[in-house]
Amino acid sequence: MTHVKLAIIGSGPAGYTAAIYASRALLTPILFEGFFSGIAGGQLMTTTEVENFPGFPQGVLGHQLMENMKMQAQRFGTQVIAKDITSVDFSVRPFVLKSGEDTFTCDACIIATGASAKRLSIPGAGDNEFWQKGVTACAVCDGASPIFRDRDLFVIGGGDSALEEAMFLTRYGKRVFVVHRRDTLRASKAMVNKAQANEKIVFLWNSEVVKILGDSLVRSIDIFNNVEKTTVTMEAAGVFFAIGHQPNTAFLGGQLSLDENGYIITEKGSSRTSVPGVFAAGDVQDKYYRQAITSAGSGCMAALDAERFLEK
């Protein structure tokens, strides 16, 4: 059994920033990278170019930004472990963290497990159907696959992430259709203008994918127009979900107060949770901003809050 002053569960901008601050404060933290968002390092590992993170006037690749943060945390003494924490016990002191058969204890804990992409429960999209056979939730991860080259691809969603994925897919697909159930988008004006200016992107308004068909791979989809009440079948090689995220809090076992959507509730103006000594940072507690820079900022807050807690 390993004991540390501070354990950080999750990576990404929040976890790595918390680790940088905590290790510089000589708290010798241990950070569990985890794969809560499908990949260690969080959602930015599947983002191409990040143009709005301060200090990079020419932009920076998402995975490179995360690798830089990780190396910076390790430089100051953070121990990074490529494991998931599968359960916790915050009812005892020190806190108990489980990772498979391994047990760790800590005096304070920062939760930075982020949020994972949501998937629609429609015929053909299941794990035993066409999931990862043309259906995915990560264009950056899978878009370069030969099965998508010069084919018609479909992105489901109406936010910034949906349009970013659509624009990325124009590198590979013949046409990229953005399927949205309404006639207006939630995305920012800048992102909408950029997508509408791309001649390879086609918008399907008031539309919903109701069925995915194929053989060993996706071949076509049925699209329902909820205004005209009609259904059409269109050839398709890929379907990409971009419909939001689910906070990764199931492993907590209900030991922290969560809101109606499963996000960790923190005290206003701090990272403190309902359990003293447990702090939360990043998208796991932020359903409003969900930006790399705000996640990093909240990681800093969590480290400072944890440091003050441990000094008591």
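Easy rule for this one: first residue shown is 1, then count along the chain.
Even glycines carry a Cβ here, placed using N, Cα and C.
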Disulfide partner of Cys138 per Swiss-Prot, picked from Cys109, Cys141, is Cys141
So of all those binding-site residues, Glu33, Gly42, Val284, Lys287, Arg290, which one's Cα sits nearest to Cys141 (disulfide bond)? Gly42
Top of the recorded positions Cys138, Cys141, Val284 by count of other CB atoms within 10 A is Val284
Out of the binding-site residues Glu33, Lys287, the residue with the smallest number of other Cβ atoms within 10 Å is Lys287
Roughly how many Å separate the Cα of Val284 (FAD binding site) from that of Cys138 (disulfide bond), to the nearest whole number? 19
Might you list, by sequence position, any residue in that chain lying six or more from Gly42 (FAD binding site) with a Cβ less than 8 Å away from its Cβ? Gly10, Ser11, Gly12, Pro13, Ala14, Gly15, Met66, Gly114, Gly282, Ser295
Let me know how many other Cβ atoms fall within 10 Å of the Cβ of Arg290 (FAD binding site). 17
